[in-house]
Amino acid sequence: MAPVQLENHQLVPPGGGGGGSGGPPSAPAPPPPGAAVAAAAAAAASPGYRLSTLIEFLLHRAYSELMVLTDLLPRKSDVERKIEIVQFASRTRQLFVRLLALVKWANNAGKVEKCAMISSFLDQQAILFVDTADRLASLARDALVHARLPSFAIPYAIDVLTTGSYPRLPTCIRDKIIPPDPITKIEKQATLHQLNQILRHRLVTTDLPPQLANLTVANGRVKFRVEGEFEATLTVMGDDPDVPWRLLKLEILVEDKETGDGRALVHSMQISFIHQLVQSRLFADEKPLQDMYNCLHSFCLSLQLEVLHSQTLMLIRERWGDLVQVERYHAGKCLSLSVWNQQVLGRKTGTASVHKVTIKIDENDVSKPLQIFHDPPLPASDSKLVERAMKIDHLSIEKLLIDSVHARAHQKLQELKAILRGFNANENSSIETALPALVVPILEPCGNSECLHIFVDLHSGMFQLMLYGLDQATLDDMEKSVNDDMKRIIPWIQQLKFWLGQQRCKQSIKHLPTISSETLQLSNYSTHPIGNLSKNKLFIKLTRLPQYYIVVEMLEVPNKPTQLSYKYYFMSVNAADREDSPAMALLLQQFKENIQDLVFRTKTGKQTRTNAKRKLSDDPCPVESKKTKRAGEMCAFNKVLAHFVAMCDTNMPFVGLRLELSNLEIPHQGVQVEGDGFSHAIRLLKIPPCKGITEETQKALDRSLLDCTFRLQGRNNRTWVAELVFANCPLNGTSTREQGPSRHVYLTYENLLSEPVGGRKVVEMFLNDWNSIARLYECVLEFARSLPDIPAHLNIFSEVRVYNYRKLILCYGTTKGSSISIQWNSIHQKFHISLGTVGPNSGCSNCHNTILHQLQEMFNKTPNVVQLLQVLFDTQAPLNAINKLPTVPMLGLTQRTNTAYQCFSILPQSSTHIRLAFRNMYCIDIYCRSRGVVAIRDGAYSLFDNSKLVEGFYPAPGLKTFLNMFVDSNQDARRRSVNEDDNPPSPIGGDMMDSLISQLQPPPQQQPFPKQPGTSGAYPLTSPPTSYHSTVNQSPSMMHTQSPGNLHAASSPSGALRAPSPASFVPTPPPSSHGISIGPGASFASPHGTLDPSSPYTMVSPSGRAGNWPGSPQVSGPSPAARMPGMSPANPSLHSPVPDASHSPRAGTSSQTMPTNMPPPRKLPQRSWAASIPTILTHSALNILLLPSPTPGLVPGLAGSYLCSPLERFLGSVIMRRHLQRIIQQETLQLINSNEPGVIMFKTDALKCRVALSPKTNQTLQLKVTPENAGQWKPDELQVLEKFFETRVAGPPFKANTLIAFTKLLGAPTHILRDCVHIMKLELFPDQATQLKWNVQFCLTIPPSAPPIAPPGTPAVVLKSKMLFFLQLTQKTSVPPQEPVSIIVPIIYDMASGTTQQADIPRQQNSSVAAPMMVSNILKRFAEMNPPRQGECTIFAAVRDLMANLTLPPGGRP
C-alpha cells in the first residue's frame, strides 16, 4: 500500500510516535499527539505508514483514552465528568473523521503515485539526452579537431572477403595463440609399446623381492600389488638403465571392514608423505624396489596391528566386556590379549588359568606377515581348528578369538565325554563342531529334543546346559555344579532320567482328558500302600472321572543306565468333605503287565478275549540301534499308558451310569460292546412309569417303545445320547422323515465339567424327558382318536406338520402359514406353547401372540388339541383385525400436550375375550364365538352388575347404535331394531311369544362329547349346536352360572402375566414384555403409523391414564342381563334380554296385571346400559369395523390424511363430543338444554350451534349452525364452517385443543369470523383459487415449526383485544423430487385499528429470516395501500394478498 498522507500532504513516518498506555500489551504503541509534526519532518526520508497500522494506532489511542477516563471520572463531579466525556467524544470523532477522509483519498493514491513515477522517469530520460548531446558537441569542438583516420587495409579486407581467412596474421601472435599439432594415435601406441619393453627389460635385470611377484605391465607402467597391504604404480622416463624409477601412484590396501565404517585408514597427506619418502629411496638406493617394499611393508604391518588393537577396544566396549583384556600393546611391534580369565569371571579364587593370544611382527624377518602365538598352546586333536586359529586373513580380531576359543571348547568337550564314557561304556553322546556342543542321550531311545545339550560359552569358556522343558533354576544349578567339577554330571543325568520319564508320560496323555502331577495330597498316605511305592511316580487324574487316578511308578533297569521300567496302578479316592481338605485313597490295584487280555473283541454277539491281538510290552518303544534316534519324536510316546487312560476314560462312564441305573432300580442289560469293539452301550429293559398320566396311556407308550439305548459321543466323551425307537406312531406329520414304520428319537445330555460323566443328573434329565414325552403322548393319543370325527372346517384349517414325541407342531390358517408348537416343560411342570410363522409368512408375526399366555393357560387346564384348534379357528380372523389397530402412543391429544396417550391398548382377558381400551377412557369387550361371529359390548360396564362401571372407564354413548350398523342381516341370530334397544317402546313386542317360549322351555342339556370305547375322556369332534365354551371344562375366566352366551361371565384373568383387572386399569404393557414378539403386521406397519401432517407428534412413550373428567355421565339401575338363563349366540335374547320383573325399572308402576301362567312382560333394556348387551358381528363385519378406511360420506379431498378405522372414528367422535361439553362450560359459550340424546347445543353472540354424531354413519361429529340474524350470513359460508368443523376440527386425530381453538373462533365477532371462514374455504377448496401462488391451512394448534411462542400442540387461536392465529402456507409450484415449501405465518389482528400484521415473535437461531421479512413487508405494504374502514375486517384481504404476492428467492427455503 502507498504511504498514507495526513494533513498538508505529509506522509506518516513508520517509526515515529511514542507509546500510549491502556491498550493491549502486544499491540504497537499508538503515536503521541505530536506525531504529525514528527511525521512532517521525516517525510522525505521515510516511505510512510501502512494504512492498517495507522488504523490500529488510532484504535489503541481511543481505547487508552477511554481506559484513562474510566479510572479518573469516578473521582470528579458530575459536571466535570460530562465535560470530559464530551471532549473525549469530540476529539475522537474529529480523529476518525480525518481517518475517513484519508481512507477515501487512499483509494486513488495508487494511481497518483504511478503517474508521478512515470513523470519522474520521463524527466530523467530527457536530462540524459540533453547531457549526451552536450558532451558530444563538446568532444567534436575540442578533442577531435586534429584527429585523423589511418589508411584503409585493403589487402587484408580482400583476403577476408574472398578467402574467408586471415593469412597475413603476424607469426608472433600465431605461435602464442595456436597450439602445436598433437601426435597421432599410432605414434602414441608405438611409444607405449616401446616403453613397455623397456620396463620389462628393467624388471628382468633388477633384483625383485618375492613379495612383489604380483605385477602387471601395461600402458607404459608397472603395477606391484601385495594383497592386504599396498599397490604401487611405477614407470621410467627413458631407456637408459641409470634412469631412476618414478612412483606414479600409491594405494594402501589395509581395510577395517568391522570398525572402519568404509572410510580410508590413511589420510591423503600421509600418503603424499609416504609417496615422497618412497620416491626419494628410489632415487638414492642401489636396490630401489627392495627398499620400496621394505618401507611400505613395515608401514602396512604397523597399520594392521593398529587396526586389530582398535577392533579389540571396540569389542571390549560393545560385546565382550571384561571377557577379553588387552595384556600388552606396543605400537608397531605386538598385541597380547587374554581370554577365559576365570578370576575376572568370579567363579574361582586364587590362581586361575589364563588363555592368551599374541599377535606380533617378526623382528628377525620383517618381510613375514603378522605372527600369532597361543598360550597355552592349542591341542593337536583337530588340525582344521588349529589351522584356522593360526591365521588372520580377514583382519578381524573377533574371528581370530572365536577360532581360538572354538578349538579350546572342543578340547573341553572331549574331556567331558571321557568322563561319561567312564560311567557308561555304551554311552552314545556326540560332539557337534559347528557350535561346540556335546549331545548326551538321557533315556534311550532318545530324540534330539530329549537329549541334554552341553555347550561351551565361547566368551567365558563355561559349560552351558540346555534341555527342552526343564526349568531354568534346575539348569542353573546343573551349570554351577558341572563348571565346578565336571564329574558331577553323572548324578544329574541319573536325576534327569526320571524327570524325562515323567515328561514322556505327560506328553503321551496330553491329548487325553487328564491332569498330571508328581504329588498328591492324601489323608492316609502313610498308611496306604501308595506310600510304599518309589519316590519317582506320577499321578494322573481322569478329569471326566475325578474320583479315579492312574499311578505310574518308574524304576531303574539294572546294568542299563539309560533305561527305565514302568509299573501302572489304578487308584480310587473318595470325595473330600471340603475343598481344602485332602482326599482319602481307597483302592490301589496294579494293571496286568500283559494287557492283551484287556483288549476286547466282539464275536457272535458275545464279549470274548482274544490271543491274536498285538502285545503291548512294558517298553513303550524298543531300542532299535545304539545311535540316538533323531528322526521324529515317536519314541517319546508311551502307548501303554495312553491305552490305559483311554480304556478307563471310555469304560468308567458306562460303569458309573450302570451303577446309577441300578441304584434307581431301572432294569438294564449292562455295558455292551458295539461296532467290533469300538463303542459301548447300555440298553434299558423298562422305563419307570410316569406320574400324572393315565395307566392306559402308560401301557400304550410302553407297547410302542421298541428300544432305549445310552451311548457316549462327542469329542470329549461328555455327551450322552439316549436313542428311543418307537413303533405305531399315533400321528404322521407332513415331514418325509416321519413316514416310516418306526421313529427314532435322540435325547442329548451334556455333562458339566464339574460333574462326573454318567452321574445321577443324566438319569434324572432322561426321566424328565421321558415324562415330557409321556405327557405329550397322552394329548396326541387323544387327538389321534378324535381325528376321524374332526369337523371339516378344522380339518381344512389345520394340519400336523411335525410330531417327534417331544414336540407337536401344527400349521393352521388358510395358507397354513401360522404354526403352533406344543411341548411339556419339565422345569415348570406344564405345557409350553410357542407360536410362529412358516412358508411365505415366515418373518411375520403370528396374530395369536397377543393371547399366547391365555392359550397356554387354557391348554394346561384342559389339554385338548381339538379345543385348542377350535379356539385358534375362532380367534384368528378377529385377532388379525384387532392387530391392525394403532397402538402407538401419541402426544397432543388433550390439553396436556406433553402427555402421551396410547390410541388402542389390547388387553387379552382370556383366550376368547379381548378387551380394547381407547385412550384409557373407553373400553370395548370382544368375545370370539364359534360359527364365524364375535360378540361386542361396552367394557365400561361391570361384567357382574350392569349398574356399576369399571373404574377408570366411561361408557361410550351410542355404541349399540353404531355397532348395529355393521350387523349382517343374513346372520342367523335374530335382532331387534336399534331404536327399540336404545329407546324402549311398548311393554311387549311382536316377537315376544318366541322369547317367552324360549324362557319357559328348560335350557338344553349341554351334552359332552361321548367317550369312545377304549379312550380316556376324549371328546367327539362334531360341532354341537351351541358354542364350544359350554362343552369343555370351564376355565377360571368363565363362570359356571349361565349368562347370555357366557359372554358376561369373564372374571378377572388368572395367571401372573394376565392383563390387569378393569377395576384397577392401567395401560397394559406391550406384548413384548410378556415374551410375545409383535411383527410388522401387528401395529407398526398399519396405516395408523402415519399421522395427520398437521400433528407434530409421532411415537412417544406412553404416560399414565388421564384422570376422571368432570361431568361424566353415570349409570344406575341393575343390569337385567346378569340374571339371564343360559343363552347361545343364536338366541335373540342376546340383543333383547328380558329381565326379571322385580328388577325392571317399571316394576311396581305398571297398572296391568299379567296372568300367573304367563311370563312377565318383556322390558327392553334401558339406553344407559344398552351397550352392555353384546352385539353379534361376523368376522367380515369386524374386519370392516377395525380396518383403516376412508371416512364415509366425505369427499376424498376434504378428508384428512390420517386414515383410521370406523371404530376409532366413532370413539374419537365420542371423545370430541365429551371434550366439547367440558369446553363449553369453561369458555364464554352458553349451553342450551336439549332433549335429544347425544346432541350438544350452545350459542354464541351471533350463532346457534348443534353438535351431534352423523346419523348415517355415527363416525363423524357434525355441526349445524343457525345464525341469529339470517341476513349477516350466506348459506355457503355456514356450510364451509360446518364442513370445516367436521373434517378439520372434530376429525382424526381427534385432538382436544383443536376444539378449544375452534370455539374461540366461534366466539369472535361476526366480521372477524366471516373472514376466517373465507380462509377456511380456501383450505377446503384450494382448486377454486387458481390465481394464488400458495395454499393455506388454518392451524388450530401450534405446529412445531412455528415461532417459539408456546409449546407445540397448544391452541393456536388467542382472542382478546387483539386476535392471534397461525396459518401454514404451502407453495403450489414445486419440482417433483422436492417437497413443497411450507412456512408458518403468525398473524395478529388489531380489533381497534383493524390492521393485519405478522406477529413479531423471536425466531430460533438456526431458522431463516428471509421468508418472515418478506411476509411482514407484504402485510405492511397492504396495510399502507388499503387503510381499514370502520367495521370492516382486513384479515382475509391481507391473507389473500399475501398468498398472491409472496415469492421466495430461488433455491431459498424458510
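Glycine too: its Cβ is placed from the backbone N, Cα and C atoms.
What you are looking at is a predicted structure, and each value in this text was computed from that prediction instead of being measured.
Looking up SER1023, SER1043, SER1119 in Swiss-Prot, the residue bearing an annotation of phosphoserine is SER1119.
In Swiss-Prot, the annotation motif 'LXXLL motif 1' applies to 69-73, one of the ranges 69-73, 249-253, 419-423, 1339-1343. Among SER617, SER742, SER821, the residue that Swiss-Prot annotates as phosphoserine is SER617.
Of the residues SER1101, SER1128, Swiss-Prot records the annotation phosphoserine for SER1128. Of the residues SER1136, SER1254, Swiss-Prot records the annotation phosphoserine for SER1136. The candidates are SER1035, SER1112; Swiss-Prot tags SER1112 with the feature phosphoserine. Beyond the ends of the motif 'LXXLL motif 2' (1182-1186), by six or more residues, the same chain brings 877-878, 880-882, 884-885, 926, 934, 936, 963, 966, 1205-1207 to within a C-beta distance below 8 angstroms of the stretch.
Taking the region 'Interaction with SREBF1' (500-824) as a whole, pLDDT averages 81 in the prediction. For the motif 'LXXLL motif 2' (1182-1186), residue counts in helix, strand and coil come to 5 helix, 0 strand, 0 coil, using DSSP.
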